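Worksheet for the structure shown next.
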Amino acid sequence: MDLSKIAVGVNPPYDLNAIIEIPQGGEPVKYEIDKESGALMVDRFLHTAMFYPANYGFIPHTLADDGDPADIMVVGPTPVVPGAIIRCRPIGTLMMVDEAGSDEKILAVPVDKLHPFYTGVTSWRDLPTILTEQIAHFFQHYKDLEKGKSTKISGWADPDETAEIIRTAIKRYNESY
């Protein structure tokens, strides 16, 4: 896959492309797409017996504070195969830091054209509370047994703050490349 040919989205920061690396419900394996070759690589095996609560990947042509593309989770009716691109609407951000610093996780839903189930969802608050709690719990604990690694959740950012996080990540990418 030539990542340079995949747009940020149709209408960033409100309609984005997410490149999925790990399917929703996926086994405790951390996959990452190699940014140079486009190949799906095993980054590591999670030391905890946990599964990913949402389809997980990144937004192309973005650069987060940690030097990687912006992370994104896309909740949906089914797992999405790794390497697939899904159009989505951001609805919030899980504010998180890990041992290396800021590591926000943008939360999104599929655009209505793909599935109308999330039409009325405009904020992370519109999702079932148990789902947002499961997402926060996963990211609070998925590194627990890895030596030298840690995470801390500080809460959720609303859609407006999320749009600004995405704009900043796009700007940072454009200034770096």
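Placed from the backbone N, Cα and C atoms, the Cβ positions cover glycine too.
On its own chain, R44 (substrate binding site) has V29, K30 as residues at least 6 apart in sequence with a Cβ closer than 8 Å to its own Cβ. The substrate binding site feature in Swiss-Prot is assigned to K30, R44, Y56, Y142.
For the recorded site, D71 (Mg(2+) 1 binding site), the DSSP three-state label reads strand. Counting only residues at least six positions away in the same chain, the Cβ atoms of Y56, G57, F58, A64, D103, E104, K105, I106 sit under 8 Å from the Cβ of D71 (Mg(2+) 1 binding site). Per Swiss-Prot, Mg(2+) 1 binding site is recorded for D66, D71, D103.
Feature annotation from Swiss-Prot assigns Mg(2+) 2 binding site to D71; the stated evidence is sequence analysis.
The Cβ of Y142 (substrate binding site) lies under 8 Å from the Cβ of L46, T48, M50, T151, each on the same chain and at least six residues away in sequence. Long-range Cβ neighbours of D66 (Mg(2+) 1 binding site) (same chain, at least 6 residues apart, Cβ-Cβ under 8 Å): A100, G101, S102, D103. Working note on the binding-site residues K30, Y56, D103: by count of other C-beta atoms within 10 Å of each C-beta, Y56 ranks first.
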